[in-house]
Amino acid sequence: MEKANWSSPMVGFILLGLSAHPRLEKTFFVLILSMYLVILLGNGVLILVTILDSRLHTPMYFFLGNLSFLDICYTTSSIPLVLDGFLTPRKTISFSGCAMQMFLSFAMAGTECVLLSVMAFDRYVAICNPLRYPVVMSRSVYVSMAVSSWTIGGAASVVHTSLTIQLPFCGNNVINHLACEILAVLKLACADISINVISMGVTNVIFLGVPVLFISVSYVFIIATILRIPSAEGRKKAFSTCSAHLTVVVIFYGTLFFMYRKPKSKDPLGADKEDLSDKLIPLFYGVVTPMLNPIIYSLRNKDVKAAVRNLVARKYFTQ
């Protein structure tokens, strides 16, 4: 007998969250809330200084401002719901709300992959072709590159979200996850999802494989150029301009590849722990990277540190 189809906009999903681990919910609520507040504060300050300080009106800091805004949007698309879920067992979410969350989280993740590649190209031109930098990275060019990053990420998300919400869902409407994650939602479909799987694989190549290859090649040329600089001080100065971006790239893609390459457990006890880790690893991936980005750029960039000090001093003296 065919199961009843309940995939109408009037019917929602139940997010299982950490209801099987009630002792962890309050602990993670405090931890994730603290990290979320740091994300809002750190990235908010970075956006302010890149706008208010004229010395930071360059392509690199324009992209950094976009990255900070993206991180705020990415975490805000899911973290408030996750926090609410820690306090409300078996949190319900509407069909349209789940679709919107899938769209936003996928769009932000895809945009960040492209944006990090764009930032690598910016560093390549600045270090390998410094005389042509003002021409190659003109205002019209770097604004177009940023807009293209957002457009590509959004377009990919529209495709995957549309393919997902068109599927028939039947029987169990419980999502064994902290939020509406596309792969978790696909498990509830009672139809062939091969098209979704294939499109997801193609997207992974486009948004993970291609950017990693592009960034790697860019940094090969960057490092080769830096090593040819005769003075140690010159090499140090050149490397300092791209070290923050390189650190962010390593953390972003390193965590992502670890998350997808994690081996599956075969024993029942290990499967229970694996179920918990499958929820927590993406959660921490979604908050740790956005939290570290402003810290990394503040600690490893003299211009940003100076701009933050000026912003604080201006706020202090105007009171």
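Just so it is clear, glycine is given a Cβ too, placed from its N, Cα and C backbone atoms.
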TrEMBL annotation of transmembrane segment - which of the ranges 103-121, 122-140 it falls on: 103-121
Contact between the transmembrane segment (61-83) and the transmembrane segment (280-299) (3 or more Cβ pairs under 8 Å, separation 6+): yes
Of 28-49, 103-121, 141-159, 205-227, 239-260, whichever stretch has the most CB pairs under 8 A to the transmembrane segment (280-299): 28-49
Dominant neighbour of the transmembrane segment (205-227) in 28-49, 103-121, 239-260, by Cβ pairs under 8 Å: 103-121
Outside the transmembrane segment (239-260), six or more residues from its ends: residues with CB under 8 Å to it: 60, 112, 116, 119-120, 123, 126-127, 208, 212, 215, 219, 222, 226, 281-282, 285, 288-289, 292-293, 296-297, 300-302
